[in-house]
Amino acid sequence: MAADRAAAGEDVDVKTPPLPPLPPLEDGEGRGDAEAAAAPCPAEDGGKLTCSVMFLCLYGFMSSIRPGESFITPNLLSSEKNFTREQVTNEITPVLTYSYMAVLVPAFLLTDLLRYKPVLIIQGISHVVIWVLMLLGATLLHMQLMEFFYGITMACRVAYSSYIFSLVSPSLYQRVAGYSRSSVLLGVFVSSVLGQLCLSLGDISYHTLDTISLGFVSFGLALACCLPWPKRSLFFNRTKSREPAEKAAPSETDEMNPTRAGVSLMANWKESIFVQMLLEVWNMVKRPNLRLWSLWWIFNSTGYYLVLFYVHILWNKVQSTTNYNGAVEAAATLLSAITSFMAGFAKIRWNVWSELVIGGITALQAGMLLVMGTTGNIWICYSCYILFRGFYQFLVPIATFQIASSLTKELCALVFGINTFLGTVLKSIINLIFSDKRGLGLDVESQFRIYFIYFTLLTVVYLISAAVVLVRHFRNRGEEEEASPDRLHTELTPVSMTSEAEPLSNSQNVKT
């Protein structure tokens, strides 16, 4: 259960969690003015913007330091809290998924409507409530409330992911995205290491560790209150540099004919940007590449987060006396950062090899889950978990690139939001059936066998799809060769870079 906390700060900007960092619509972009969209910020605001970006990165770093997160499950199962493994597995942990599903859509809408800062303050307050409950709570209801508020913090992470893009011009998006992501990754790493050092070398109690975490999140809340207030956002607060000189007043005919005015209002509603984007998203379902990576995002992220939610309970059952959760989470964060970085240099014809790459990596993840669910060696279990997360994080930036490369920023937000919400619904259904006390209420080892079966089924589907795509590709290439026998084909013949063939690290002109 607590693994989701230790990974939360990293995944939101790497995977992402629940939504990837998406820049808001800049002045000029809505009018199709590329020069205006790419124009840098005024020189006189350079110093102020630099300070704002640095302050936001400081906030991202400090709000990610919660040394007690990696040890919440051992804390709940220890003599200090004295909950049973069945209570933690079947009654406490499932609340997190339900809370996240319930809060995700409102948080996404409020983030844009309220322009980020209030949602970050809500997230900070929720973090404080979590650790107050960990310090003072003693009943099952208290711990369920703790999980409920943690679901709120997960849903609110989208505010930080998109906040930084409201501060700078589009020409700086890539750079500031790297800054914000690095600050969160560094915070998660420092948090895990600090928690492990405190517990192993300092020989402190879980209560003291919770107190330290409360101090850090309280400071993070204070920083959130001091953040600058953005003037624009993606949907509801889009600034316009030009306004029509005159707005047509409603005609007398419209005033005397309310039916005609109602029809006009309905037509305006159907032509609204939000409705048009929803219709466009529906049309994009027909695009194979977008559909593939969206389905990967939904189904694989579901399994990934279920593993993160319950892996610490599994470790406690494999060997309750060994507690290196913080060190393992730090190693997993470091490997995830490395694999995410490596993905940026992957040069693969994604229109041909996507299904095979996904199927191969999913098969490796299934193997890791099988070992984790059957081994009695805690070190093997630790190692498999680190590799499991590293494999997933390798595909996250590729999926983000493949989905977002041909979409406008508004459509990116909707597509990623829909994918995240559907994945959360699927997690809730699986939780309700297999984990919840009201369902089958399986023990943690049985749940990991279910996750192994889940990833195995995904592997089979991906590999079958890969076989179909490859057979179709080579058959079409053979037909092309027969149609043009004079053309020389060698291994050194350059391949034209189509949309999916472009390397991930060069996405400027990529279209899915």
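Using N, Cα and C of the backbone, Cβ positions are placed for all residues, glycine too.
As given in TrEMBL:
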type     : residues : note
REGION   : 1-40     : region 'Disordered'
TRANSMEM : 95-114   : transmembrane segment
TRANSMEM : 121-142  : transmembrane segment
TRANSMEM : 148-172  : transmembrane segment
TRANSMEM : 212-230  : transmembrane segment
TRANSMEM : 294-315  : transmembrane segment
TRANSMEM : 327-345  : transmembrane segment
TRANSMEM : 352-371  : transmembrane segment
TRANSMEM : 377-399  : transmembrane segment
TRANSMEM : 411-430  : transmembrane segment
TRANSMEM : 450-471  : transmembrane segment
REGION   : 482-512  : region 'Disordered'
COMPBIAS : 493-512  : compositional bias 'Polar residues'
Distant-in-sequence neighbours of the transmembrane segment (450-471), which means Cβ under 8 A and at least six residues beyond its ends: 292, 299-300, 303, 306-307, 352-356, 358-359, 362-363, 365-366, 369-370, 373, 430, 434, 442
Among the ranges 121-142, 148-172, 294-315, 327-345, the one whose Cβ pairs under 8 Å to the transmembrane segment (411-430) are most numerous: 294-315
When counting Cβ pairs under 8 Å to the transmembrane segment (294-315), the leader among 95-114, 148-172, 212-230, 377-399: 377-399
For the transmembrane segment (212-230), distant same-chain residues with Cβ under 8 A (at least six beyond the ends): 52, 55-56, 58-59, 62-63, 65-69, 115-117, 120-121, 123-125, 127-128, 130-132, 134-135, 163, 166-167, 198, 237
